[in-house]
Amino acid sequence: AASLRPPGRARCASAHPQGARARLPARSPPLQPRPRRLSAAGMAAEDEAELSLLECRVCFEPYGGDGERRPRNLPCGHVVCQGCVWALGGGAERRRLECPFCRRACGTSETSDCLPLLQLLEVLGPDGLPSALGRSVGGRGPAAELRLSLGGWGSLVNPTGVAACRRSGRLAVAHDGKKRIHVFGPNGSCLQRFGERGEADNDIKYPLDVAVTSDGHVVVTDGGDRAVKAFDFEGRGVLAVREGFSLPWGLDATPESEVILTDSEAGALYRLTADFKKGKLKKCQMIRSQLISPRGVAVSQISGAVAVIEHLKAHGPNGGSTRVKIFSAEMDLIGQMDSFGLNLVFPSKIYTAAVAFDKEDRVIVTDVCSQAVICLGKPEEFPIFNPLITHGLSYPVGLAYTANNSLVVLDSGDHSLKIYSST
């Protein structure tokens, strides 16, 4: 029987197929790995790395959302569970540990939540089974052709957000590497890296999303200290807004260089107006409230409409779901589409991680269940279901359109940036 493989994150954690049992450093506390549990005889022949996508490669326990099984990033990029972080660091007696895969030393305080894996666990729910949508599209080929792939493991580490500068063609990517903002040129070359972990205004603890304003400034939501920070393309910090947010998450820039951002914990949408060149905040106004865990957001460059992704919690066995809401420039609700509504059009669960508007003002989303990019049409046309990309993606978490209408997809599954020619 063919086994179902979750749409993979944690690839970094299983880069060494022999696992950590034979590679633990001598100074680390001894861990007693548990034997692997196979649900069927046919699974024994599968590649071990694929089987352990959702398991800690040290203790082989499945990852979870809380407590000791919560997945944690080490600074080197490998992922282990919180319990193994404590064990490798000697518990309360020691604060240093070595990565069991590459032996890079770090402090326990330098570890951070592996956000893509946590989101994947939220998508899969307790059953641990992905949607089959991506494999049910049938003979419909992608409407976009892959033109360029950038980044990859070592260049990007668990990326979470992408934005395009429509004036210069540069791409800014937020990720969990040593320097957390990576700027690519239009030809794919690395132009700049900045934003190290730290306490200063120029430092970034844990970036969740990134936007580029029309006047050439990079704006980042930092989940580590619940702040919004702005930089120029050389990496110089020009503004940090730390007050008033519970958990700023997604953001996008308007043609007037204002920033629309979501606060996931507060359930609110904000408009931030600033003179970035002078580093002066003019206004930060809540423009919508009573949203449910809003994360991704996009602003139409044509109409000024705003698309927001809500993450809905479910009490049943099927886990959470998502809903895309579209507001006019005056913040009136003009359309919405949730997983249930899409099920009426296409019989499969869709879990949206990113949203964007194309040049025709159509709403484009990523679906991490089917590893696809889907066009939902214009708000007045809902519900339209038109898959644009149905293969070649692992865990698409970000979307952007360049000035020449190329579609940029941020794939956290293989730590890459994929640029497609759009039709």
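Each residue, glycine too, has its Cβ placed from N, Cα and C.
Predicted automatically and left uncurated, TrEMBL annotations should be read as such.
The region 'Disordered' annotation in TrEMBL covers 1-42.
Per TrEMBL, the feature domain 'RING-type' maps to 56-103. Note on the domain 'RING-type' (56-103): DSSP counts are 10 helix, 10 strand, 28 coil.
Residues 9, 11-12, 15, 73, 75, 77, 112, 114-116, 193-197, 204, 206-212, 214, 216, 218, 220-221, 231, 233, 235, 250, 252-253, 301, 397-404, 408, 410, 412, 414-417 of the same chain lie 6 or more positions beyond the ends of the repeat 'NHL' (151-187) yet place their CB under 8 Å from a CB of it. Marked as repeat 'NHL' by TrEMBL: 151-187 (among others).
Helix, strand and coil content of the repeat 'NHL' (191-234), in residues and according to DSSP, is 0 helix, 24 strand, 20 coil. Among the features that TrEMBL reports, repeat 'NHL' is placed at 191-234 (among others).
The repeat 'NHL' annotation in TrEMBL covers 391-423 (among others). Each residue in the repeat 'NHL' (391-423) has a pLDDT score, and their mean in this model is 92.
A Cβ distance under 8 Å defines the sequence-distant neighbours of the repeat 'NHL' (391-423), meaning residues of its chain 6+ beyond its ends; these are 7-9, 11-12, 116, 119-120, 134, 142-164, 166-167, 169, 171, 173, 175, 184, 186, 209, 298, 353-359, 364-368, 371-373. The helix, strand and coil residue counts that DSSP assigns across the repeat 'NHL' (391-423) are 0 helix, 18 strand, 15 coil.
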